[in-house]
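Report on the following structure.
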Amino acid sequence: MKSFCVKAPAKINLFLHVVDKKETGYHLIEGLFVFANLSNFLEIKVGEKDSRYDNSTVEFINSESKINNQYNTVMKAVNLLLRHAPVRTKVTVKVVKNIPIAAGLGSGSSDAGAVVRTLGKLWEIDRTILNEIALNVGADVPASVDSKPVFVRGIGEELCHIKKFSLPTNVVLVKPKKRFLSTPEVFSKHEGKFSEPIKWSDDAEKDLLKLLKETRNDLQEIAISFVPEIKDVISTLESQEGSILSRMSGSGVSCFGIFDSEENAKAAAVNIGKKQPEWWVCDTQLIV
């Protein structure tokens, strides 16, 4: 048996535009995805050859709400990857959850990305096939395989990796406790005008802060209509010393604030946590 202990970093959408909708119902997006040191931890065990693959299991530990052990992103990724395993085997995964679920931080997508990355390398699966598997599991999973700053287009399959990250890496994440949002439900309420596609180039990387100030999260107002408290979270982050930019991540409910220094980020997290005990607060660093 082979055993691996791997991290699944939190995903943050620095901006998210909805640019179109396909006849299939899928929305086409553009966005800048980054990943943080805040991580789930996975223990992945691969059995000896000729093990019964249908005995593969996933167990979630420390999750704030119950996750179905049979129907989840990790099990879906495992089952798809097993089709390309060189021998019949089984996989068991234990996931220690530190990233809030259903919160716009890619907790499930990052777990699946870590599984795709680990088993893909072990079984030497072609990267094209891995990308197809990742997209089949979920729209955010392709970006989560490498967990590096990336400009994302389409459903989530078009990736342009950021060569030079020109932003501070000090971040505070805030989420109202016991508040969750369904990604499909939030997207289903997007009925407004689509955003114009961005002409992405290397020049955009030179001043990412300028780019962020010219962009937004098209799902933010929709999410606020479900959870008005999101607006309070953003204004609280904006009011902290050293705050550079604050907005919602993904389809919510989590929000992020970028800060000019680690000291100010840590102070902001402490301050917000004291004033708002009903909010989950975490200061962390972006992975660049």
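Placement of Cβ uses the backbone N, Cα and C atoms for every residue, glycine included.
Residues within less than 8 Å, Cβ to Cβ, of Lys11 (active site) and separated from it by at least 6 positions along the same chain comprise Phe33, Val34, Phe35, Leu105, Gly106, Ser109, Ser110, Asp140, Ala143, Ser144, Ser147, Ser249, Gly250. The active site annotation in Swiss-Prot covers Lys11 (among others).
Here Swiss-Prot flags Asp140 (among others) as active site. In the shown protein chains, 26 other C-beta atoms lie within 10 A of the C-beta of Asp140 (active site).
According to Swiss-Prot, the ATP binding site annotation covers Pro100, Ile101, Ala102, Ala103, Gly104, Leu105, Gly106, Ser107, Gly108, Ser109, Ser110.
Residue with the densest Cβ environment among the binding-site residues Gly106, Gly108: Gly106, by other Cβ atoms within 10 Å. By a simple count of nearby Cβ atoms, those within 10 Å, the most crowded of the binding-site residues Pro100, Gly104 is Gly104. The Cβ centroid of Pro100, Ile101, Ala102, Ala103, Gly104, Leu105, Gly106, Ser107, Gly108, Ser109, Ser110 marks the ATP site; residues of that chain outside this set whose Cβ lies within 8 Å of it are Ala10, Lys11, Ile99, Gly250, Ser254, given in sequence order. In the three-state DSSP reading, Lys11 (active site) counts as strand. There are 18 other CB atoms within 10 A of the CB of Ala102 (ATP binding site), with all protein chains counted.
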